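Annotated compositional bias 'Polar residues' per Swiss-Prot: 7-23, in sequence order. Under the heading compositional bias 'Gly residues', Swiss-Prot lists 114-125. Positions annotated as domain 'MI 1' by Swiss-Prot, on the basis of sequence analysis: 163-284. The N-acetylmethionine annotation in Swiss-Prot covers Met1 and rests on similarity to another entry. Among the features that Swiss-Prot reports, phosphotyrosine is placed at Tyr152. Residues annotated as motif 'Nuclear localization signal' in Swiss-Prot, with sequence analysis given as evidence: 58-64, 448-454. According to Swiss-Prot, the motif 'Phosphodegron' annotation covers 70-76.
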Amino acid sequence: MDVENEQILNVNPTDPDNLSDSLFSGDEENAGTEEIKNEINGNWISASTINEARINAKAKRRLRKNSSRDSGRGDSVSDNGSEAVRSGVAVPTSPKGRLLDRRSRSGKGRGLPKKGGAGGKGVWGTPGQVYDVEEVDVKDPNYDDDQENCVYETVVLPLDETAFEKTLTPIIQEYFEHGDTNEVAEMLRDLNLGEMKSGVPVLAVSLALEGKASHREMTSKLLSDLCGTVMSTNDVEKSFDKLLKDLPELALDTPRAPQLVGQFIARAVGDGILCNTYIDSYKGTVDCVQARAALDKATVLLSMSKGGKRKDSVWGSGGGQQPVNHLVKEIDMLLKEYLLSGDMSEAEHCLKELEVPHFHHELVYEAIVMVLESTGESAFKMMLDLLKSLWKSSTITIDQMKRGYERIYNEIPDINLDVPHSYSVLERFVEECFQAGIISKQLRDLCPSRGRKRFVSEGDGGRLKPESY
């Protein structure tokens, strides 16, 4: 407070001669008995005193404002304000001292980039500037001969057995989805397989044994394309040796593993990635029953191929790669075999083996056609049970079921030419399917029906017309 009062007196000095005009003179302060002579408008405070009080209050506000603004910069008035006021020099924090100050008034810039050299902030030199290759100075005290002509190369550590299986399993599973052997070859080149190259066919065949026929066909193509680029024929032979050795364990998860491995061996010999004498080298030296069964299967297939059968047909073409005519024949044979054996689970298994879920409407269509063409009740009942089983197991979806019925509805006029009672049989079969929950009410109502023709002698209601003559 003493500093502030001292600043107020120095900034706004008052005349000592006019002290008598203030609120209290020196005598009144000591004695307190002398009256004030100057009275204006009935007030006991002089006009000059009021003006001085206003000036002092304004100076205080200005000083307090400047002090709070510059408190963060270490140049507050509390530190050096008293010396500046005594010396009569305007402090930098005062308005007069800040006129030539180029710093921001608000403590922030205008948002413009700083000039960090040519080009401004965040710019690497002037536009068009070309950087030369840094040359090593031989006379530099820190010069090292090893710094010249250095070639850097990424070193990939070889995979161990655990990392090998964890890395290659997703690659092969993705290959079963896209079927691009070149992509698999590029990914394997980026890995340092080392001595684990022979493990690639072992892992691929092991995964294919648990998959479908199309997966096994894709695995055979993959082995044929990788041989010579990623692995050699010796690696392929080592891999099949390990497969024959591990057959007892593989047969626990896949009972058909010996026959399937034999087919892989026959296909590999046919593709030229295994030598023709590979099977002969095992004659008389195999004690394992599963390995002997695999070699016998391969021998039979190779002997059949010599008679003219292509080795490419070991697995067949599965999935959507099969022609439509072939699929129609397979479904027709499937239904006829089911009518003879009555084995519903085998029919469902054969349908899944075709791997054509987008073509299941053909089975619905062919099944209903067989019902319309049959003369007994056995086909009617068996086909109804088959469709009901396939529907409950979600083997045939609602879209495929609907499409099969719609095909029958559209072709029933042509079918009726060969089967006169097809309309009545179809109405009965559709009603039974609706009662079993196979089709919806909307699909049932779409079933076409042909009304019975009235004879000329029949009137309305089936009565005979009276004679008009």
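Note: Cβ is positioned from N, Cα and C throughout, glycine not excepted.
With DSSP states grouped into helix (H, G, I), strand (E, B) and coil, the motif 'Nuclear localization signal' (58-64) comes out at 7 helix, 0 strand, 0 coil. Residue counts for the domain 'MI 1' (163-284) under DSSP (helix as H, G, I; strand as E, B; rest coil) come to 91 helix, 2 strand, 29 coil.
Across all of the motif 'Nuclear localization signal' (448-454), the predicted model scores a mean pLDDT of 64. DSSP classifies the residue listed as 'phosphotyrosine' as coil under the three-state reduction.
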